[in-house]
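For reference, TrEMBL has these:
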TRANSMEM  87-113  transmembrane segment
TRANSMEM  133-156  transmembrane segment
TRANSMEM  177-197  transmembrane segment
TRANSMEM  203-223  transmembrane segment
TRANSMEM  363-383  transmembrane segment
TRANSMEM  403-424  transmembrane segment
TRANSMEM  489-516  transmembrane segment
TRANSMEM  536-559  transmembrane segment
Amino acid sequence: MTTRGEKTQAAGRPENGTAAEREIKYKGWKAMPYIVGTGSIPTPPLAHRAANGLSITTATIVNVFNGTTNLAPLLGGFLADTYLGRYATLGLASLASQLGLLIIMLTAAVSQLHPPQCDPGQLCSGPTPGQQAFLLFGLTFLVIGAGGIRPCNLAFGVDQFDPRTEDGRKGINSFFNLYYFTFNVAMMISATLIIYVQSNVSWSVGLAIPAVLMVFSCAFFFLGSRTYVKVRPQGSPFSSIAQVLVAAFRKRRLKLPDDHPEESLLDPPHLSSLISKLSYTNQILDKAAIVTPEDEINPDGSAANPWQLCTLQQVEQVKCIVRIIPVWSTGILYQVAATQQQTYVIFQALQSNRHLGRSNFQIPAASFVVFPMLGMSLWIPIYDRIVAPRLERITKKEGGLTLLQRMGIGLVLSVVVMATAGVIEERRRSHALRHHQTVGVTTNGGAVSPFSSLWLIPPLILLGVSEAFNVISQVEFYYKQFPENMRSIAGSLLFCGFAMGGYLSSLMVTVVHRSTGRGQSKNWLAEDLNKGKLDLFYFSIAVLGVLNFIYFVGCAKWYRYKA
């Protein structure tokens, strides 16, 4: 019989099957109902409230919160891989999220925790320092929760499948799609139902919905504790990375033999049950493993001074990371396109004809951000159940296409999205200015074009398909190509890319604002879109997307998949 410690250790995918490993029961899809919910609770759309609770200071707090939640997973992933393990990190992060949601709900439910109601036309009083501090207290717990859930939820789910079997590998591939399908459904609920409840029923009730759902999510997660396969943390991987870099620098003047260079490198027997043995790739940093007469070798084959001599396994692990970083960087500029399209489409909708036919019903401008999520949610099951199996029969590759090929398709589609959006914006503005048949005026005085807002939907749907190719493939790529002892950190890379993309988007907007609009030229991003040149801004992002794709192709050609 296996003890609990043996069972956890065996879950680390030993290279050769052991008795402990053979007794592991991977539950696969049976464990998913307990896990998926922890990453699919809709977050409260705090920035939606423009009055009573959100002053400029509070809005700034919310913006900082949005950026921090994308950077926090890097620290959470490190703690999970090094000290806590994914199960403990997920459990603690879920409880932190629960507490944060309850605190945020109280800011709306308790009158002493938010500014008083004010009538239109009156000067509204902003929140007190104490009220802002209480809000910040709740947001801090939400950041802690996001920092633990985002990098670990997906990796922990994949841990439940046996990668040595065909069913297990197919389950892993499908789980990536399922995870993002449920995540998008949750985001759509947040952007529609919860906002509707907040606007038309009660702000406190709207915030109570995710808090109540999180209670059930936590309960389900801990209810499945006996079902999970739990991988123990293996200590900090960064010390090994530092050792390879230092050793490679110290031996930079040495030369490798032309024939079979791997034979001159330190390659002791591989004993780890968690980290798989990596094959030799003749690329970079190999000199860190060159054995010289001055190097001392321990009886077990390891180096006496790891800062002077590293194993081939250590070098190959660092190579994995070095090869991934350039590919990851292409996702930053990709995120710029997604961010700008979903931001300015609301302003485009406000200055377009949002009526459905001849009816008086108008599509809410804020609801247009749902269409990329809808496009992704529709495409994921189509690709997973229809397209991928047919491609597999043609290409003989798992999933039909390689991960890099799918990421490249997503980049190409993003260029098409921005170019199409630019053409549509030019037509919208043309209808407003040249035909002089406006159908209204916005609150900022901008004329509403007779151009139908329904034309904005196709590029948004295509953007969702683009994200299905690129974003999901990014996550799967990081998980499969990172060393096994850094998979939680790998799960944080996507969100770090989101953060970098958001910061770069803000920088681009600032640069365009300052560089256009001087003298007699038009400000491309004028508050009244009819007086601006938003189409040129979209075309510029499309050009950057083309350059980004060319850079990606170079990175993909240089890349070597982990073997």
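Each residue, glycine too, has its Cβ placed from N, Cα and C.
Note that TrEMBL annotation is computational and uncurated.
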Contact check, the transmembrane segment (536-559) vs the transmembrane segment (403-424), 3+ Cβ pairs under 8 Å, seq sep 6+: yes
Ranked first among 87-113, 133-156, 363-383, 403-424 for CB pairs under 8 angstroms with the transmembrane segment (203-223): 87-113
Same-chain residues at least 6 beyond the ends of the transmembrane segment (363-383) whose Cβ lies under 8 Å from its Cβ atoms: 48, 177, 180-181, 184-185, 187-188, 191-192, 195, 338, 341-342, 345-347, 349-350, 354, 356, 453, 456-457, 460-465, 467-468, 472
